[in-house]
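J.: So Swiss-Prot lists these for the protein:
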- 31-300: domain 'Dynamin-type G' (DOMAIN)
- 41-48: region 'G1 motif' (REGION)
- 44-49, 212-217, 242-245: GTP binding site (BINDING)
- 142-145: region 'G3 motif' (REGION)
- 211-214: region 'G4 motif' (REGION)
- 241-244: region 'G5 motif' (REGION)
- 518-610: domain 'GED' (DOMAIN)
Amino acid sequence: MENLISLVNKIQRACTALGDHGENSALPTLWDSLPAIAVVGGQSSGKSSVLESVVGKDFLPRGSGIVTRRPLVLQLHKIDEGSREYAEFLHLPRKRFTDFVAVRKEIQDETDRETGRTKQISSVPIHLSIYSPNVVNLTLIDLPGLTKVAVEGQPDSIVKDIEDMVRSYIEKPNCIILAISPANQDLATSDAIKISREVDPTGDRTIGVLTKIDLMDKGTDAVDILEGRAYRLKFPWIGVVNRSQQDINKNVDMIAARRREREYFNSTPEYKHLANRMGSEHLAKMLSKHLETVIKSKIPGIQSLINKTIAELEAELTRLGKPVAADAGGKLYAIMEICRSFDQIFKDHLDGVRPGGDKIYNVFDNQLPAALKRLQFDKQLSMENIRKLITEADGYQPHLIAPEQGYRRLIESSLITIRGPAESAVDAVHSLLKDLVHKAMSETLDLKQYPGLRVEVGAASVDSLERMRDESKRATLQLVDMECGYLTVDFFRKLPQDVDKGGNPTHSICDRYNDSYLRRIGTTILSYVNMVCATLRHSIPKSIVYCQVREAKRSLLDHFFTELGKMEIKRLSSLLNEDPAIMERRSALAKRLELYRSAQAEIDAVAWSK
C-alpha cells in the first residue's frame, strides 16, 4: 500500500516539472485527478504548527500576515530507523538538505523567485520531500491561509484570490480536505469550515482538526465538537495541542512536544476518554491510512483517464504535424514529403479514390455534347447566305456541276463556331482541376501547419494548370482547325447525284439558284457539320485529358521542385514558418504527453510489482 502513496508522489512531481498545476487551461490536467490532502485554515488557526507536528520538524516560514504564498506539496517518506533525516526540493533535484533551518529559508527564497519580494501569491506549487524514520508515508498540500482583509503591500483582491486558489484545490472530488479550526474561536466563524462546507456540504471529504484546545477559556471545553455534536463530519474530529510561541522561542523539540501533547489528553478529565484518537501522531497515521484507501479506490479511474488522454494527445499532435527540422537538408526533405503527400491526394481525387474527379467526366459526357447541340447555324445556312457565298465563290465563271468553293466556305464558316464549345470545355476542366488543387491543399494536414508553403504550393499548382490549359486550348482548337482545313471527301462522294439517263445533271444553269437547290445545299452542309461535331465530341476530350488531366497527374509540381532545389536555407525556412500559436501548442502537448506516459509507466510498474 505504501507503494501507492509513493506512486502519487512521483506523478505529482512529474506534473509540476512538466507544467501541470491543475489550473484552468486548454490542456488536459492529470494533477486534478490525483488524490491529495489539502490543508485549509485561517491565518491564525495553527495550520503551520499542525504540519510541523506531523513532520516532527521546524521547517515552515513564520511571521505575521500571509506567510504561505504558494502551495507547498509536502511529501513524507518513512525510511529505516537510524537513517539520517534529509529533505529535497523538486527544483533542486541534486541537493540534500539536512539542516531544516535551511529548508525554511529555501521555501521563502523559492516563493520570492516566483512572486518577487512582494506579498503576492502564486498557484505554482513548491515540492518538498522529507525522508525520516519518524514520519508516516503521507502527502499534504499546504495552501495559503485564508484571510478576511488585505494588509499593506497586498492588492485589494488578495482575499478573493486566496479563496479562489483554495477552492480550486478542494472542489476536486478526489481531494481530501483537512480543515484546521482553532478551539478558542467560535466554530461558526471558522474560515476552514465555511469554505469546506461550500464544496463538501455532506462532509464526506472533510477531516476536521481542532487546534489550541489548551488555550480555551477556563470552564469551557471542546468535547461537543470532538464528539461530532456541534458539527458532524463523516470522520471523527481530531484535537491537537501545538507548541506555544514560548516553546518555539525556546526551541522545544518535537519529540518533547508530542510527549506533552499525549500527557495533556491523557490527564485532562474532559478529553481522557478521547485520548486514543487525539494528537498529531494519531492524525498523521489516520491521514496516511485514509489516503492509501482513497488512492487504491481511484487508481482504476486514473488509469482509464490516462489511457484516454494519451490517445487524444497523440491524435492532436498528429494533426498539428511534426516540428520543423533545423538544417537545410531536413527542411528540403520535409517540404518534398509534404508536397508528395499533397500531390498524391490530388491524384486520388482524379482517380476516384477521393471524390471530385467524376465532374471532369461530366464535362465530356454532358456539358460538351449539350454545347455542340446548342450551336445555331441559321445565319450561316440561311438562303440568303448560301446564295451569297456560292455566287461570290463562283466569281465571273459559274460552277459547272457542284459549287465546291461555295461548299467549302459555308462549311468553314459553320465549323468555326465549334471553337466556342471546345474552349469552354478546356476552361471547365481547368476550373475543376483548380478546385481539386484547393481540395487537396485543405486535406493535406501538413500544409495547414505551414501557411507560407501552402501559398507557394497553391501558386505553383495554379501556374502549372494555366500552362497546361493554354497548351490544351491550342491543341483542342487545332482539332477544330484541322476539320476546317481538310474536308472528308468520302462524305460527299456517297451523296446521291441527280443526273438523267444520259449522265447529264438534271438542273439547268438557270435553276441552280432556286430555293430548292439552295435548301439541298444547306441540308448537305448541316449533315456534314453534324458529322464533324460527332467526331469532335470524342476527340476534344482526348486532347483535354492528354494535355491537362494526364499532365497534371504527371508534372503538377515539377517546376516548383526545380525552383526548390535552388533555394537557400533562409528561403526554405520562410516556407516552413509556422503560426507561433501552433508551435506553442505542439510544445505544450508534447510536454503533457510526456507527463501522461510517465504516469502510465509508474502505475504499470506498481501494478506489476504487486
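Glycine is treated like the rest: Cβ placed from N, Cα and C.
I'd like to know what surrounds each of these features in this structure.
T.: Here the domain 'Dynamin-type G' (31-300) has a mean pLDDT of 89 out of 100.
Tertiary neighbourhood of the region 'G1 motif' (41-48): same-chain residues 60, 62, 65-68, 142, 145-147, 179-182, 190-192, 211-212, 240, 242, selected by CB-CB distance under 8 Å and a gap of 6+ residues from either end.
For G46 (GTP binding site), applying a Cβ distance below 8 Å and a minimum sequence separation of six or more within one chain yields I180, P182, T211, K212, V240, N242. Mapped onto three states, the DSSP output places G46 (GTP binding site) in coil.
Long-range contacts of the region 'G3 motif' (142-145) within its own chain (CB-CB distance under 8 A, at least 6 residues past either end) are made by residues 38-45, 47-48, 51, 60, 66-72, 74, 121, 162, 165-166, 169.
Residues 45-46, 49-50, 180-184, 222, 239-242, 264, 271 of the same chain, all 6+ positions outside the region 'G4 motif' (211-214), place their C-beta atoms under 8 angstroms from a C-beta of that stretch.
With helix defined as DSSP H, G or I and strand as E or B, the region 'G5 motif' (241-244) counts 0 helix, 0 strand, 4 coil.
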J.: Name the residues of the same chain, 6+ apart in sequence, whose Cβ is under 8 Å from the Cβ of M216 (GTP binding site)?
T.: A183, N184, A222
J.: Could you tell me which three-state DSSP class D214 (GTP binding site) falls into?
T.: helix
J.: Within the chain of S48 (GTP binding site), which residues six or more apart in sequence place their C-beta under 8 angstroms from its C-beta?
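T.: Set apart from S48 (GTP binding site) by at least 6 residues yet with Cβ under 8 Å, we have L60, R62, V67, T68, D142.
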J.: Name the residues of the same chain, 6+ apart in sequence, whose Cβ is under 8 Å from the Cβ of D214 (GTP binding site)?
T.: V241, Y264
J.: Would you count the other C-beta atoms found within 10 angstroms of the C-beta of S244 (GTP binding site) for me?
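T.: Summing over all protein chains shown, S244 (GTP binding site) has 15 other Cβ atoms within 10 Å.
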J.: By a simple count, how many Cβ atoms lie within 10 Å of the Cβ of N242 (GTP binding site), its own Cβ left out?
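T.: If we count other Cβ atoms within 10 Å of N242 (GTP binding site), we arrive at 22.
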J.: So which of the binding-site residues is most packed in, judged by how many other Cβ atoms lie within 10 Å of its Cβ, out of S44, K212?
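T.: The residue with the densest Cβ neighbourhood is K212.
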